[in-house]
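Features reported for this protein in TrEMBL:
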| type | residues | note |
| --- | --- | --- |
| SIGNAL | 1-29 | signal peptide |
| DOMAIN | 53-114 | domain 'Partial AB-hydrolase lipase' |
| ACT_SITE | Ser189 | active site, nucleophile |
| ACT_SITE | Asp358 | active site, charge relay system |
| ACT_SITE | His392 | active site, charge relay system |
Amino acid sequence: MAPQSMSRLASIYSFCVLGLMVMPHQIYGSSRGSLALTSGISDHPLADGICATLVTIHGYKCQEHEVVTKDGYILSVQRIPGGRVGVGGNGDTKRQPVLIQHGVLVDGVTWLLNQPEQNLPTILADQGFDVWISNTRGTRFSNRHLSLQVNQQGYWNWSWDELAKFDLPAVFDYVYNETGQKIHYVGHSQGTLIAMAALSEGLLVEKIKSAALLSPVAYLNTVTSILGVVCREAIVANLFGDSAFDPKGQLLPFFNIARTLCDAPGIDCYGLLAPLTGPNCCLNVSTFHSFIRNEPQPTSMMNIRHCGQSIREKVVAKYDYGSSEANTARYGEAKAPAYNLSNIPKNLPLFLSYGALDTLSDVRDVNLLLGILKPNHDADKLTIQYINNYAHMDFIMGVNAKDVVYSQVLSFFKNHTGF
């Protein structure tokens with residue numbers, strides 16, 4: 001991103017954050033150091049990988065896998081094949097696979113920052129599922145390519161179109177080939193968008209068993225998150241390069257200041273997330289400190305511009321290359337085609353959970369999505385949960401998400417055993 005634009009975004013974000021850091025928020029727990037990642041964490045705390053750092057230390061088996069997409073990206077995937085010894089069993093029974101996909105500007109680590117009894121992947125493993133965690137291209141463990149280097153511009157020539165077309169199908173194929181079974185899916189934020197886009201294009205259909213969509217993102221007509229400002233800045237600045245968007249790198253001085261402030265007694269750092277996600281109700285202080293030392297992760301500038309396109313055009317469509325000639329060369333038509341979400345198979349079991357305080361998955365935008373899904377979906381295959389005090393990150397890091405959301409996901413998976 002151009003220095004002037006990034007400086008402007010940093011000023012906007014800093015103003016919002018510093019104003020909110022002193023505002024009171026409900027938080028859960030005040031002790032620090034309860035997690036392995038919290039005490040003395042470095043800027044590169046996961047040198048040994050996600051499995052070794054966050055999973056096996058709690059008594060689970062965990063495997064590191066690599067998946068190669070058709071366009072050459074090498075993705076990191078973690079597998080938790082069963083529960084802890086004495087919890088959920090570790091026998092040879094064939095287990096139902098579940099694939100878990102994170103959203104934009106984070107990676108699979110965000111699913112594992114609480115204690116095992118509170119994290120969705122380990123809860124599912126303890127309940128007898130074969131759990132797979134995917135990490136999107138460009139994030140720290142998925143930053144390799146068969147022929148491109150991460151510092152080459154060509155590496156970043158993608159948006160969420162490619163995540164839907166290449167990344168998700170590649171991981172689905174890999175898990176299906178490893179397990180021989182159809183797959184339950186859990187997506188959060190962008191992880192919901194790419195699943196719906198893929199399904200609307202006829203992808204994944206033969207290998208998916210059901211989908212749980214947490215903080216579903218499709219339309220961004222009324223998004224109030226500051227990420228919307230970032231997306232709009234990318235459009236206004238006419239930034240058509242295929243470079244990386246790396247908040248941690250490009251705003252490093254701000255993040256260093258924020259971390260210092262967060263370590264000071266009496267400072268409520270929940271304000272760091274509120275401009276991005278809405279006022280999360282139910283995060284733990286220790287978990288939050290681990291989060292800000294690990295995230296955000298890079299994505300592509302094209303992905304950010306695609307977000308801005310959705311806000312501006314108020315439609316769920318493929319990436320607009322900026323001219324009728326470029327679009328025609330890419331799509332065979334002058335305008336970037338819309339995704340027809342009504343093409344999502346009507347008999348695919350869907351679970352959607354969204355929160356009243358979420359500024360990325362705004363209630364009004366979710367209602368637009370539901371307005372398309374409901375008339376086209378079998379009523380007994382569509383389950384909807386509305387949570388009046390949840391914002392965006394409560395769904396993956398909330399200390400009470402186990403009881404509020406994950407128990408519902410478990411019931412949903414167990415109720416829909418075939419597709």
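Every residue, even glycine, has its Cβ placed from backbone N, Cα and C.
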Under 8 Å Cβ-Cβ from Ser189 (active site, nucleophile), six or more apart in the same chain: what's there? His102, Gly103, Val104, Leu214, Ser215, Val217, Leu360, Ser361, His392
Return the count of C-beta atoms lying within 10 angstroms of the C-beta of Asp358 (active site, charge relay system), excluding that atom itself. 29
Please give me the CB contact count at 10 A for His392 (active site, charge relay system), counting all chains in the structure. 29
What mean pLDDT score does the domain 'Partial AB-hydrolase lipase' (53-114) have in the model? 91
Using DSSP, tally how many residues of the domain 'Partial AB-hydrolase lipase' (53-114) sit in helix, strand and coil. 11 helix, 20 strand, 31 coil
